[in-house]
Every structure is written in structure tokens, then in C-alpha cells.
Amino acid sequence: MAEPQAESEPLLGGARGGGGDWPAGLTTYRSIQVGPGAAARWDLCIDQAVVFIEDAIQYRSINHRVDASSMWLYRRYYSNVCQRTLSFTIFLILFLAFIETPSSLTSTADVRYRAAPWEPPCGLTESVEVLCLLVFAADLSVKGYLFGWAHFQKNLWLLGYLVVLVVSLVDWTVSLSLVCHEPLRIRRLLRPFFLLQNSSMMKKTLKCIRWSLPEMASVGLLLAIHLCLFTMFGMLLFAGGKQDDGQDRERLTYFQNLPESLTSLLVLLTTANNPDVMIPAYSKNRAYAIFFIVFTVIGSLFLMNLLTAIIYSQFRGYLMKSLQTSLFRRRLGTRAAFEVLSSMVGEGGAFPQAVGVKPQNLLQVLQKVQLDSSHKQAMMEKVRSYGSVLLSAEEFQKLFNELDRSVVKEHPPRPEYQSPFLQSAQFLFGHYYFDYLGNLIALANLVSICVFLVLDADVLPAERDDFILGILNCVFIVYYLLEMLLKVFALGLRGYLSYPSNVFDGLLTVVLLVLEISTLAVYRLPHPGWRPEMVGLLSLWDMTRMLNMLIVFRFLRIIPSMKLMAVVASTVLGLVQNMRAFGGILVVVYYVFAIIGINLFRGVIVALPGNSSLAPANGSAPCGSFEQLEYWANNFDDFAAALVTLWNLMVVNNWQVFLDAYRRYSGPWSKIYFVLWWLVSSVIWVNLFLALILENFLHKWDPRSHLQPLAGTPEATYQMTVELLFRDILEEPGEDELTERLSQHPHLWLCR
């Protein structure tokens, strides 16, 4: 094989290593020589460009090996099959917590009624777990090979991945050696790490939270000072020498000692027990209200909202930095692809002095890139518009701005009818006024259901006469079926199905029709006094309930018809789709606190004698207590119950009941756990989520944040995605910065 010749003009400021002998597969040259290895080098350049563009699309680092075999492995690793396998493995190892001891496989979490759960035999879940750990070990090995040992040593996430795997395998071995009777499983606490390390956005979010902690801590310190000062004021105020009944009740109930006083005011800070804590003193003297009002105004209205503002400002700033890194990765990936492809221009003597990318070469690359068909087609059309003109670096970068647009689905053309009557009918039933009529009919159906629910509120299901409601439902369902068929006639089947609202509407109409036919087949036609005996699995009342619930659900079809409501609904859907990273962080936090809660409080909530039924045995329990409110299902006896308990605590309504119960059942130290959970979930995470909801809505309603229609087209074909909230604020990386970073690539040498 002929040795490739190094050019005198290096692409990125000078040849690295002082020579032209580059390792095979790592060198890209301005002139591709003709010879036995020319085809292989050509394929290598194409594959390198494909990988770099895919890295840019996914905001991945390009500092990986770029020889032929490594790129083959790299593309297989990031293929849909491998990534879905890895995601399923992460889901599986997290899901094991529901099956492992203590198992959540019971119908209820209430300690009074819960039967002994099925416990898996030793080795069953452990076998699944070790398979998952082996998949993670393979994942780590592939990452370590592709990015190299030097990168592995500097990457804390990869080092943490290795430590977590080693600790998990050691702990797994200990479990088997103790026949699954170990008192503590450390590896269960470490499992959420696998979810974190697999998401770059979760890593960025976690880093931003860590950077924002000092500012959060400063406001938290103010809150602590505020709480301590008013605790001392309260203890002094309600511990006077001449106490009236109100003072004494207040002191004994809420300010008996320092821990109780702190807890009472902390709960009041969350407004969970307002005005309960104030009532004993306020009932005797209205002047005592001043103390509680001032405390609430300063703490809840000023400091807590100040904390929200600081979290919004600081976190948004740090998120900008992380997103700036993502933007730089995209620009660096596309620039690397440009440099690789521009090195192929001189093949065969064409454009010997030109610098740019041949459109036909880029088209060949785009054919191999893993990209959705809509974006790929749009980009290829733009590339073809250049003809044989070389693409400059700037034009190459602008081409990939198409990735920042979401495709608006174009509806198929309507069927063409020759008959004037059919054309008029098509115009009538395809008009949006016909949708308004359908919405009015759906509203009338909903009102009829509401009327009968009100009239029959005090009537037992077995004594209800469903004749009139049954007739009305039959009429409405026939109209829904007729409406669906007329829309199919006007729009065509493909045109009808191209509207998501029609798919939703049509699917529910078919389900309603099947359910109504089943009801009529089993219980015959409605008639006065229509109360037949139960036949089959469901009674007439059960089938009517299902029918009415589907009709109520179908009423959601009005949302697309109301512009403002449609904007709000689309923004909410965008949040669901684009806030997965924050949902993942919440899953991690819930998982860790649930496992800790199980280890701390499993079995501490025990039903007292006389509380095994719903008989009024709780009459002796204090009003508002855990026992009187029958909160027995809120416990940490298994993973599912722990998750629900943590959710109820995050809402902070009546969370003082949990604090008091676990203090009595397990000890006063339990308050530390619940206060930490309140800080992490209700203060930090909820405020972060609120900040991002605000940013999302502001972006959605800002007309400047959307792309204008393309020139020469009647309407915009694309629009900005909700995912790119901050793109207009981010700073584009400079030319020198990109070339400098490319010159530092550990596995790629580019020469001209």
C-alpha cells in the first residue's frame, strides 16, 4: 500500500507530532490519493463524517476513537437496539425494588388488612440483578475502550460508574453468602446511579443543582434564623407567669419544649396546619394573631418566594452554561464533519485549491446518518439546491439548523367528487363549523350525564331507573358515529386519521359503539323501569358507568377548538415530553429516600388492638391524629407504600400528622428524615420545576421565539421545538475556538 503523503499546509495550525506518518484510520488528508487503499480511506472519511454528524445531533462528545473498527462499534453501541436494551436493563434493575423483600405484591398497604406478601426465593431476583450488572459492566467496558484510558481517568462519571459496579457486585456476593438474610443491601441505594449516568441532561441538571446550592443555602440560613428567632419568641410569649387558658393550651400543645416549638413553626411555615396552631391562643386574645401573621408573612410570603426567585435565577444561569456546552458540542461535531468531508474535495484533481464540501459527498453521508426521515429529507433537498457548488463552513453549519425545527405534518389532499351535491356535502361536513356542532352535542351529552348524577345522587345503584339516560346515550352515540363517518367522507380516511383529535375522537367513538352494542345485546333495549338482573361480568350499572366515563373523557375533544386552551394544552404536553431529565431526577430522589425510609421505618407502624376494622374504635384517638385519620396505609413497609407515603409528604398537606406519628412510633430523630425530604422535594425540586414551567410558558407565548414562514411558501413548514428554550440566548462558538478544540482531539489528525 502506498504511504499517504502529508501536505505542506496543516488544516489546524500545524502538524501534530512533527511528521506526516499518522496512525492508520486516524488521518484525513486534503488529497485522497489513487491507489489500492483509496477506497478504504474514502469509506473511512465518509464513516467519520457520519459519526460526527450523529454526535452533533445527539449533543455527544466527539473525543472518541475514529478508526474503522472503533466507529463500527461506536455506531452499534448507539444504535436503537443497544440503547433500548440498556434503558430496559436500567428499568428492570430499578423495578426489582417492588419484588424484592419486602415485596409490594399485596392488594393494600394498610397494616390492618394487608396479608402476608409473596416473597421471592433467594436467588431469583439476585439472578436478574447480576444479569443487569453484567450488562452495565459491558456498557462501561465499551465506553472505556471507545474514549480511551486518558479520558476514563478524567471523567468522574465513568469512575463513579466503576465504583458503583464494584460495590454492587461485592454486596451481591455478600447477599448470596448470607442466603439473602443480610440486614442491609447497600447496592439498592446505588441503583439510581445507573439512571443518572445514562442521561446527559440529567447530569447537566444535577450539576446545575450542585452549583446552585450555595445560593439556596444562603436563603435556607435566613429561613433557619427566622424559624429559631420566632421559636424563642413563641416560647417566651406563651410561658408567662400569669397564663390564661389560651396561653396554657398553646404552650402545652405547640410550644411545650424546643423541639416541639421548632416543629410547630416549621409546619406553620409550610401552611399545612394554619390556622390550627394559632387557634388556642387566638380564641382567648385576638392580639396573639399578630405573632402568627408576622411569622407567616416573613417566612411563607417573603423568604419562601425569595427562595423560588433565587432558584429560578441561579439555576437558569447555570443551565445556560450547560446548554452552552451542548451547543458547542453540536457545532464542534458538525465542524469536524465539515473538515473530514472537505479533505475529500481534491480527489481526482477536482477543485485542487478549493476548501469546501461537495454536495454529492454530503448527500452520501446524510443517507447513512441515523435521523428521522422528515429532517433528513429537508436537509437533502437543501443540499441538492447547491448543485455542484462547494459548501463553505458557514453554509455547512447553517444547513444543520434544520435540526432545530420540528416538522408540521401536512394533511393529505381531500378526495375529489364529481357530483355537485357531494361537493356541497363535502364542503359542509369538512367545515370547522361542523366541529363546533359536534362540540355542542358533546357538551349536551355531558350536561345530561351531570343532571342524572345530581338527580340520582341519593338513589342506590340497584334502584336506579336508567331508561331515559340509556335512550339519550344511544342517541348521542349514533350521532358520534354519524359524525365520524361524515368526516371520513369529507376528508378521506387518510385525511381523517392525519388529525390527532380525529384519531382520539374516532377511537373513543368505536369503543363507545362496541360498549353500547354489548349493553343492548346483554340487557336488551331500554324501557321504563329498566333494572335487569346482572348478567355476565358487569351489571347494567357498571356498563353504564363505563359508558359515561368514556363520554366524559371524549369531551376533551373541545381543547383543540379553543385557541388559548390549545396553547396551554400543547405547552403542558411539551413539558411532559421535554422535562424527562427533571422527572428522572425526581425518580432518583424518590428511589433513594424510599429505600432509606424502608431501612429506617419498616415495621414501626403497627395497628393497635381494636383497629383491625372500620368500626368506631378510633373514637379514643385524638382528633386529627394518625390513628383517628386512619392513615395506616402511609408506611414504609414496602417500596410501593414508601413511594406513596413520600408523595403525600411532598404535598405537605397534613404532614404534621406524619411527623407526630413517626415521632411516637420510632423516636424524635425521625423528624430529621422528614424535614430533609421536605427540603429536597417541596423546596428544591418543586421550585426548580416551577421555574422551568415559567420559562416554558414564556417561550411558548413569545412570538419572537418561533421561526417565520419560509420565503415563498404560504405557511411555515417548521416551527421551533419546546426543547430549544434558550437557543436564542446562547452564544455561538467562534471559528478559532472550534478549530482549536479540533486540534486537541486525541484520536483525530486533520491535514491539508
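Yeah, the Cβs are placed from backbone N, Cα and C, and that goes for glycine too.
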Candidate annotated in Swiss-Prot as N-linked glycosylation site, out of ASN198, ASN618: ASN618
One side of the membrane in Swiss-Prot: ARG316 and ARG580: yes
Where Swiss-Prot places transmembrane segment among the ranges 534-554, 555-575: 555-575
From 30-54, 255-279, the residue range that Swiss-Prot assigns the feature intramembrane segment: 255-279
Cβ-based contact of the transmembrane segment (581-601) with the transmembrane segment (290-310), 3 or more pairs under 8 Å: no
Per Cβ pairs under 8 Å, the stretch of 128-148, 290-310, 437-459, 503-523, 674-694 packing most closely against the transmembrane segment (156-176): 128-148
Tally of residues which DSSP labels helix, strand or coil - the topological domain 'Extracellular' (659-673): 12 helix, 0 strand, 3 coil
Contact call for the transmembrane segment (219-239) against the transmembrane segment (290-310), three or more Cβ pairs under 8 Å: yes
Tertiary contacts of the transmembrane segment (128-148), as residues 6+ beyond its ends and Cβ separation under 8 Å: 61, 63-65, 70, 73-74, 77, 85-86, 89, 92-93, 96, 155, 158, 161-162, 165, 168-169, 172, 187, 194, 746-747
